[in-house]
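Here the structure is laid out as C-alpha cells; the discussion comes afterwards.
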Amino acid sequence: MVFGEFFHRPGQDEELVNLNVGGFKQSVDQSTLLRFPHTRLGKLLTCHSEEAILELCDDYSVADKEYYFDRNPSLFRYVLNFYYTGKLHVMEELCVFSFCQEIEYWGINELFIDSCCSNRYQERKEENHEKDWDQKSHDVSTDSSFEESSLFEKELEKFDTLRFGQLRKKIWIRMENPAYCLSAKLIAISSLSVVLASIVAMCVHSMSEFQNEDGEVDDPVLEGVEIACIAWFTGELAVRLAAAPCQKKFWKNPLNIIDFVSIIPFYATLAVDTKEEESEDIENMGKVVQILRLMRIFRILKLARHSVGLRSLGATLRHSYHEVGLLLLFLSVGISIFSVLIYSVEKDDHTSSLTSIPICWWWATISMTTVGYGDTHPVTLAGKLIASTCIICGILVVALPITIIFNKFSKYYQKQKDIDVDQCSEDAPEKCHELPYFNIRDIYAQRMHTFITSLSSVGIVVSDPDSTDASSIEDNEDICNTTSLENCTAK
C-alpha cells in the first residue's frame with residue numbers, strides 16, 4: 001500500500017467515485033479528485049454525458065457507477081497517492097520510461113514529482129534518452145548501410161539490360177570497389193599515386209627555382225608529369241562514364257564532380273594560352289590562368305574516393321550543420337564581446353597594436369580558437385586579464401559542440417566500413433565462379449561406377465549380402481588396389 005491511502009477516511013456525506021484500474025478497485029472522494037481538475041480523473045467528474053465519459057475512460061458501468069481503465073494497476077497506486085498527498089514519488093525499482101508514460105496518460109505534470117525523487121528521476125531519464133539516441137543512431141547507420149547495399153545490388157542488375165553489360169559491369173566494379181580483386185587494388189593504387197604525383201608537381205612548380213620576373217618557368221619534366229597526370233585523370237573519368245549504368249546518377253555523385261572539376265583548370269589554361277590577342281585583355285587572361293592553375297589543388301579531394309575517413313568526414317559535416325552553426329554562433333558572440341572589451345582598454349596605449357575593432361576581431365578569433373599567432377597581443381594589465389578570460393571561454397565554447405560532431409563522425413565512419421564490407425561480401429559469389437568447381441557427390445559416383453565396372457570385368461557378382469565371406473573381401477580389396485593402380489598409371 002502506498003503512503004497516503006491508509007490515513008484517508010471518507011466522510012459519510014461525501015460521494016464516492018468507484019474506480020477500476022486493471023482489476024484494482026478503489027473508491028475515492030470527489031473532493032479529492034477535484035483538487036486537480038486538469039488531470040484525467042478531475043475532468044471525468046465534469047462530464048455530463050456518457051459519450052464524454054467514454055472519451056476519458058475505457059468503459060463505464062451505469063449500474064455500479066464504476067469507471068474502468070485498462071492501465072497498469074501497480075503504477076496507478078502512485079497516481080492515487082498523488083491525489084491524496086499532492087506529490088509524486090518515484091520508487092527505485094520503477095522504469096522511468098513507463099512511469100513517464102503513465103503520468104502523462106493521467107494528465108499529471110512532472111513538476112509534481114517531489115524533490116526527494118526529482119533529481120534521480122531526471123538523471124535516469126537523461127540516461128535513457130542517451131541510450132535511445134545511441135541505439136537510433138546505430139539503427140539508422142545500419143539501415144542506411146543496408147539501403148546503400150541494396151542500391152549497389154540494383155545498380156548491378158541494370159547491367160543485364162545494357163549493351164555490353166557484362167563487360168561494363170566488370171569495369172565498373174573494378175573502378176568503384178578497390179577491394180573487389182587484385183586488378184581493382186592495382187587501379188586504386190595507381191590512381192592514388194597519380195593524384196599524389198600531381199600535387200607534388202604543383203608544389204614543386206611554385207618553388208623559387210622555377211620562378212622568374214615574368215612568371216613561372218615551364219620545366220619540361222614537370223610539364224610532362226602534369227600532362228601524364230591529366231591524361232590519366234581524363235581517361236579514368238571517361239572509363240567511369242562509359243561503364244556507368246546510369247549517366248544521370250553518375251553526375252549526381254560528388255566524387256565524380258570532383259574528378260571533373262580537377263581536370264577543368266588544365267584544359268581551360270590550355271585554351272587561354274593558345275588564344276592569340278593583341279589587346280589589353282592579355283593581362284587579364286594571365287590572371288585567369290594563374291587562378292585556374294591554383295584550382296589544381298582540388299585534385300587532393302580525389303583522395304576521398306580511396307579514403308573511408310575523408311568520406312566519413314564529408315558525411316559528418318553534411319549532417320552536422322546544426323552543431324557547426326552553434327559553434328560558429330558561440331564563437332561570433334565571444335569574438336564580438338571580447339573584441340570590444342580589449343579595444344576599450346588598449347586604445348589609449350600607443351604601444352599596443354590593437355588600434356581598431358576589426359583588428360581586435362582578428363585577435364579575438366585566434367585567441368578563442370587557442371591559435372595565438374602572436375602578431376597582435378595586449379600590453380596592458382587589464383588587456384591581459386581580458387585575454388586570459390577570452391582564452392578560457394574559447395576552450396569551453398569550442399569543446400561543447402566538438403564532442404557531438406566527433407560522435408557523429410564515429411557513427412558515419414563505422415557506417416562507411418559496413419558498406420565496404422557489404423559490397424565485398426556481395427562480390428564474393430562472383431569471384432567464386434572463377435575458381436575450380438568440385439562436386440564430392442559426382443566424384444563419389446564416378447569412383448563407384450569404376451569400381452562396379454571392374455568387378456563386372458572379372459566376373460564377380462554380389463547376390464546376397466549375407467553370403468559374403470573373408471575370402472571374397474580379400475579379393476575385393478585386391479581388385480580395388482589393382483583398379484586404383486591402373487587409374488594412377490592412366491593419369
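Note that Cβ sites are derived from N, Cα and C of the backbone, with glycine treated the same way.
The shown structure was predicted, so the numbers you read here are calculated from the model rather than taken from an experiment.
Going by Swiss-Prot topology annotations, PHE250 is found on the same membrane side as SER307. Which of 304-309, 370-375, 430-435 counts as motif 'Selectivity filter' depends on Swiss-Prot, and there it is 370-375. Segment annotation: Swiss-Prot labels intramembrane segment over residues 358-369 (candidates 94-105, 358-369).
Across the topological domain 'Cytoplasmic' (244-254), the model assigns an average pLDDT of 83. In the topological domain 'Extracellular' (344-357), the DSSP tally of helix, strand and coil residues is 4 helix, 0 strand, 10 coil.
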